[in-house]
Amino acid sequence: MAMAEGERTECAETPRDEPPADGTLKRAEELKTQANDYFKAKDYENAIKFYSQAIELNPGNAIYYGNRSLAYLRTECYGYALGDATRAIELDKKYIKGYYRRAASNMALGKFRAALRDYETVVKVKPNDKDAKMKYQECSKIVKQKAFERAIAGDEHRRSVVDSLDIESMTIEDEYSGPKLEDGKVTITFMKDLMQWYKDQKKLHRKCAYQILVQVKEVLCKLSTLVETTLKETEKITVCGDTHGQFYDLLNIFELNGLPSETNPYIFNGDFVDRGSFSVEVILTLFGFKLLYPDHFHLLRGNHETDNMNQIYGFEGEVKAKYTAQMYELFSEVFEWLPLAQCINGKVLIMHGGLFSEDGVTLDDIRKIERNRQPPDSGPMCDLLWSDPQPQNGRSVSKRGVSCQFGPDVTKAFLEENQLDYIIRSHEVKAEGYEVAHGGRCVTVFSAPNYCDQMGNKASYIHLQGSDLRPQFHQFTAVPHPNVKPMAYANTLLQLGMM
């Protein structure tokens with residue numbers, strides 16, 4: 001998605017060699033110029049549209065593919081970005097930005113070795129380019145770190161961070177005046193104090209943070225992979241989508257819709273962290289409410305509650321900056337126990353991403369998923385976190401490069417087989433904060449307004465009433481936040497403007 005303000009801006013490139021000026025090629029250049037203007041205005045969808053039209057007229061121009069690849073990167077369509085970058089290189093092996101684009105796409109997909117190969121190519125061609133060297137060195141560090149982690153994982157049985165913690169011996173210093181758990185328990189007073197403390201940009205004491213993490217892990221690991229909830233006719237529940245570290249917008253949700261309680265239950269549908277630079281504040285607030293109301297405050301896993309995403313998009317860096325690497329490891333353990341889906345009254349299924357790459361998946365199949373792991377590259381767990389709907393029937397290759405895209409016929413068949421009415425998912429920015437697709441059978445909700453301080457989108461949350469379960473949408477807009485830019489803790493390669 002769009003980068004934070006203040007980062008090095010990478011603009012769509014203008015072709016160096018003007019093609020022959022016949023009518024078709026001239027029109028392609030005009031379309032490319034229009035696309036560049038949309039790109040500069042951060043209207044990436046229209047930029048993609050006009051680059052695509054230029055490509056139709058002149059499919060042999062590598063720069064058109066390179067430019068569209070960058071626009072796809074901005075809209076998180078990493079699979080499409082990878083394809084365009086590869087095509088640009090095929091057309092012109094000397095087109096260096098094609099290698100940059102492909103490396104960025106592979107980085108976004110967690111394919112660090114493939115990214116390193118492309119950075120290595122750039123360094124060989126431009127050995128004196130400091131920027132290229134820096135990107136190569138940073139990517140090389142990640143590859144070595146991943147290799148080290150794999151070696152450790154293969155040499156010993158997995159040991160929980162909890163086993164190495166001695167929370168009781170942690171001392172809360174006299175000068176700390178912030179919120180503390182009461183007799184080791186989260187209370188409503190603690191939660192109100194915590195939100196105000198965070199609003200004032202202060203840090204929760206590490207002992208309290210560890211207490212919350214250890215306790216919420218105990219709660220989550222007892223849950224089913226598919227949480228099943230019954231609403232009485234007079235009861236309602238609020239469903240929120242991605243919040244992505246936008247803490248002040250989370251506070252606004254509670255201001256507009258009321259604090260969580262036993263009579264005001266919530267479901268937060270994944271992607272609590274990354275991108276926004278208040279992810280620690282968001283996730284500890286959500287975990288606190290989960291401890292306070294374990295049966296009325298629900299958290300589902302998103303594709304950003306995973307190590308690969310956290311390493312790139314900021315959460316790992318943020319936890320290390322505000323606390324320690326050990327605490328990040330504990331967050332990672334806790335994320336692995338987050339449920340993957342929730343079913344309301346046996347009729348509405350909620351998951352972060354969407355439906356499946358293969359037919360015939362049942363609710364019982366979801367229940368049987370062993371979720372306590374990093375997600376695989378394919379299969380039902382991957383699909384629940386990563387897939388997206390598409391308007392045409394059938395399935396197609398994912399624009400993200402992970403999982404699939406599924407059409408209205410796929411949704412209809414899944415719902416009929418499992419006796420469901422519709423699904424609610426998140427995972428995608430929507431200009432109005434929500435979208436109803438597939439004939440009302442596939443609803444998207446997104447709760448991070450003006451995503452990354454750049455997209456200008458509204459956000460929304462959904463009310464479901466037990467009496468009819470029809471989604472009632474409530475839109476809201478972004479509120480001011482302190483001058484800490486999104487992606488402030490993201491991987492150095494992101495901060496260098498490569499994504």
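Yeah, the Cβs are placed from backbone N, Cα and C, and that goes for glycine too.
For reference, Swiss-Prot has these:
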ACT_SITE  His304  active site, proton donor/acceptor
REGION    1-24  region 'Disordered'
REGION    184-499  region 'Catalytic'
REGION    495-499  region 'Required for autoinhibition'
REPEAT    28-61  repeat 'TPR 1'
REPEAT    96-129  repeat 'TPR 3'
*For the repeat 'TPR 3' (96-129), find every same-chain residue at least 6 residues outside the stretch whose CB is under 8 Å from a CB in it, and list them.*
13, 62-63, 65-66, 69-70, 73, 76, 78-79, 81-82, 84-86, 88-89, 135-136, 139-140, 142-143, 146, 308-309, 312, 400-402, 491, 493, 498-499
*asked:* Using DSSP, what is the helix/strand/coil residue split across the repeat 'TPR 1' (28-61)?
replied: 27 helix, 0 strand, 7 coil
*For His304 (active site, proton donor/acceptor), just give me the three-state DSSP call.*
coil
